[in-house]
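For reference, the structure discussed in these notes is given below.
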Amino acid sequence: MTIALGRFTKEEEKDLFDIMDDWLRRDRFVFVGWSGLLLFPCAYFALGGWFTGTTFVTSWYTHGLASSYLEGCNFLTAAVSTPANSLAHSLLLLWGPEAQGDFTRWCQLGGLWTFVALHGAFALIGFMLRQFELARSVQLRPYNAIAFSGPIAVFVSVFLIYPLGQSGWFFAPSFGVAAIFRFILFFQGFHNWTLNPFHMMGVAGVLGAALLCAIHGATVENTLFEDGDGANTFRAFNPTQAEETYSMVTANRFWSQIFGVAFSNKRWLHFFMLFVPVTGLWMSALGVVGLALNLRAYDFVSQEIRAAEDPEFETFYTKNILLNEGIRAWMAAQDQPHENLVFPEEVLPRGNAL
């Protein structure tokens, strides 16, 4: 005979953590999760700050530029601009010594840029944690979150680590389309970025991933099992079928004939499709960290010396070096007004059209 002592309840008493856990992760249709406590507020503030800045806030006091819809910019030319170089690496808190609680002054000083950059970084981290949390909840492997580390690495290296290595937030990209293009030209002129091997690996990763994606999608479409009499993909197979929807064997034979080699199992194929772009993004991020420290790569000095001595000797490299000098000369004076740079007209390189 068994005697049970104690109070019997249908459900064990829940402590505060369990109540919160249920509220965040189970009692709703759209998953929030503990990661959502970081993701949603930070994403809201980052996007809200960007929309506010591009709509109303000028860059006259930091860059001498118009940068808002209010001043006549459009979607491509509006931006949330970086603070002035004189503010160095200040966090530019609204209540800090620079703005002293004055919201208008805070916007004029570029406070919205640090606001958007830092909240944006934590929002991206929150999104990666969301993928970890949801994967763990449904017992998936965490490769989605691992893959998303690539974009996070690029964002953090470009918007945070690079300016931290330079003299201030001023040299980070402003948050806008044309502003990012200007930053790319700046990277080329001042760092010769396109000849950096880490940039090359990044390009290979991103373009290689696009190629793999196109090949994979086309191959699956080409080798679908036909389950109906429909004329196109969306009618010729049943979306709820339990069986495999395409023939890996047929795909393998096809690419073996095309290239001579082909993936023989899906796990290796899909891991490769994960590995290529993520590795490319991480390599780019490492390269930008190097630029933050002003490391140089691939300076072919022997060609530069020979080109200087022999007017008839020229390579694509020496032409690009001259182009970079032109970018620096034209950009520096207008891009860094705080330096008060003045170049004599005769030293500014000009094309035939000018």
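Here the Cβ of each residue, glycine as well, is placed from N, Cα and C on the backbone.
Here HIS119 (chlorophyll a ChlzD2 binding site) comes close to CYS42, ALA43, PHE45, ALA46, GLY49: these same-chain residues lie at least six apart in sequence, with C-beta atoms under 8 angstroms from its C-beta. The chlorophyll a ChlzD2 binding site annotation in Swiss-Prot covers HIS119.
The C-beta environment of ASN144 (pheophytin a binding site), restricted to residues of the same chain at least 6 apart in sequence and closer than 8 Å, consists of GLN131, ALA135. Under the heading pheophytin a binding site, Swiss-Prot lists GLN131, ASN144, citing sequence analysis as support.
Look at HIS199 (chlorophyll a PD2 binding site): DSSP puts it in a helix. What Swiss-Prot lists as chlorophyll a PD2 binding site is HIS199, and the listing cites sequence analysis.
As annotated by Swiss-Prot, Fe cation binding site applies to HIS216, HIS270, with the evidence given as sequence analysis. The secondary structure of HIS216 (Fe cation binding site), as reduced to three states from DSSP, is helical.
For HIS216 (Fe cation binding site), the Cβ neighbour count at a 10 Å cut-off comes to 16, with all displayed protein chains included. According to Swiss-Prot, the feature plastoquinone binding site maps to HIS216, PHE263, an assignment based on sequence analysis.
According to Swiss-Prot, the phosphothreonine annotation covers THR2.
For THR2, the entry in Swiss-Prot reads N-acetylthreonine.
Sequence annotations record features per position, and here Swiss-Prot assigns transmembrane segment to 42-62 (among others) based on sequence analysis. When Cβ-Cβ distances below 8 Å are used as the criterion, the transmembrane segment (42-62) is approached by residues 68-71, 73, 78-84, 107-110, 112-113, 115-116, 119-120, 122-123, 126-127, 170, 174-176 of the same chain, each at least six residues removed from its ends.
If one looks beyond the transmembrane segment (126-142) by at least 6 residues along the same chain, the residues whose Cβ comes under 8 Å of a Cβ in the stretch are 25, 31, 33-36, 38-40, 42-43, 148-149, 152. The transmembrane segment annotation in Swiss-Prot covers 126-142 (among others).
Remote same-chain partners of the transmembrane segment (154-167), defined as residues 6 or more beyond its termini with a Cβ less than 8 Å from a stretch Cβ, comprise 82, 85, 88-89, 117, 120-121, 124, 173, 281, 284-286, 288-289, 291-294. Positions annotated as transmembrane segment by Swiss-Prot, on the basis of sequence analysis: 154-167 (among others).
Under the heading transmembrane segment, Swiss-Prot lists 209-229 (among others), citing sequence analysis as support.
What Swiss-Prot lists as transmembrane segment is 280-296 (among others).
Between the listed binding-site residues, namely HIS199, HIS270, the fewest other CB atoms within 10 angstroms of a CB are found at HIS270. Following the DSSP three-state reduction, the secondary structure of PHE263 (plastoquinone binding site) is coil.
Cα of HIS199 (chlorophyll a PD2 binding site) to Cα of PHE263 (plastoquinone binding site): a distance of 28 Å.
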